[in-house]
């Protein structure tokens, strides 16, 4: 009996305590379910603008190829043919070390190239955003082919004397889509470490990656890739919302590396003569299309209007698949300019108009394929044209080795002024867009 009474007393006490805690429990549940999401903002960004002395017109490149003793005539003729149809214009740039004969492909020259490009673009961004380097909490660098020790992130920390407790990361081997991978990493870190600033630097070193063999799939990189870099400043600080340019709405990553054909379509390896190069196979465009479809399947429900979603779902049910009209979800597109064929294939897959890929084609023409930084040159083009208005939505789409297809969706928070002297397009935007012929004749 005593045990029963003791039990009833304990239960009564427990119940009273629980009832007393009820308001706290209810408030806690309400807080957790209605907790304000951490907004991720893009404060500003900058793209590297090479000096005129770095310019590499096609005639100079052809002369360079002909005098580079390691190329046979067949390899020279093949590269000339690719250049004629590439869509790459006369104003693209290469580092000075590649303009010298013979080419000295050394790590010291590559570090010098990175220092010139990266230091310049970071200084430009910090200056235009009025940011003290010591206020940076997170630093992320990405460079696919160049991974020295100390890392590129350490190089930047040393140059700009950043804090000792900075969270620094260096990504390598991630391909042309690495820029969005870095944005995704920054987003996750900024959500965990609230009230923080993140600096992302996307670059690529050309010096060590100039291929001098005979493998045609490896010679493509000589024809398409050019010098460039971008620096991006992101924030999760509440006080930065009023001065931010964009807010990050969605980020979706698709990895097809489990498929052997996708994994090996872009790969660094030795050729038959033991020369190192990056092979871009004929399967690349088809693989990119498959990865794009997988990425669209995830992104679509998040961004498409309900009508478009229902139409797409109905087409699947009746087994007559239609392509969702992403033009109804975005005002601007920044599609990775991996090459003329890549741009055209994505345009066809998404049923786009020529105006939707204007920024991509013009970026390929003016700056070439600058790897992971290319999508930022495209955004710069749209801004320089004065087309970016408050409320506009931008889709950045990048594909790269692995094989990966990554998307970032931004919403513009202000009317972006077209005239900006720090914009990489500032001195030539008046002459764009230009007509790009299917082929040019290189004498």
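Cβ coordinates come from backbone N, Cα and C, glycine included.
Listed in TrEMBL:
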type	residues	note
ACT_SITE	176	active site
ACT_SITE	255	active site
ACT_SITE	332	active site
ACT_SITE	336	active site
ACT_SITE	365	active site
ACT_SITE	369	active site
DOMAIN	34-320	domain 'FAE'
DOMAIN	331-411	domain 'Beta-ketoacyl-[acyl-carrier-protein] synthase III C-terminal'
TRANSMEM	14-33	transmembrane segment
TRANSMEM	166-186	transmembrane segment
**Study point:** Surrounding residues of the transmembrane segment (166-186) on its own chain - C-beta under 8 Å, 6+ positions past either end
**Key:** 40, 136-147, 151-154, 157, 193, 198, 200, 202, 230, 232, 234, 248, 251, 253, 266, 336, 338, 369, 371-376, 396, 398-402, 404-408
Point to revise | active-site residues listed as 255, 332, 336, 365, least Cβ neighbours within 10 Å | key: 255
Point to revise | Number of other Cβ atoms within 10 Å of the Cβ of residue 176 (active site) across all protein chains | key: 29
Review point. Which residue counts does DSSP give the domain 'Beta-ketoacyl-[acyl-carrier-protein] synthase III C-terminal' (331-411) for helix, strand and coil?
Key: 38 helix, 21 strand, 22 coil
Review point. Measuring Cα to Cα, how many angstrom lie between residue 176 (active site) and residue 336 (active site)?
Key: 8
Point to revise | Residues near residue 369 (active site) in space but at least six apart in sequence (CB under 8 A) | key: 88, 176, 224, 225, 226, 337, 338, 339
Check your understanding: What is the separation, in Å, between the Cα atoms of residue 332 (active site) and residue 365 (active site)?
Key -> 19
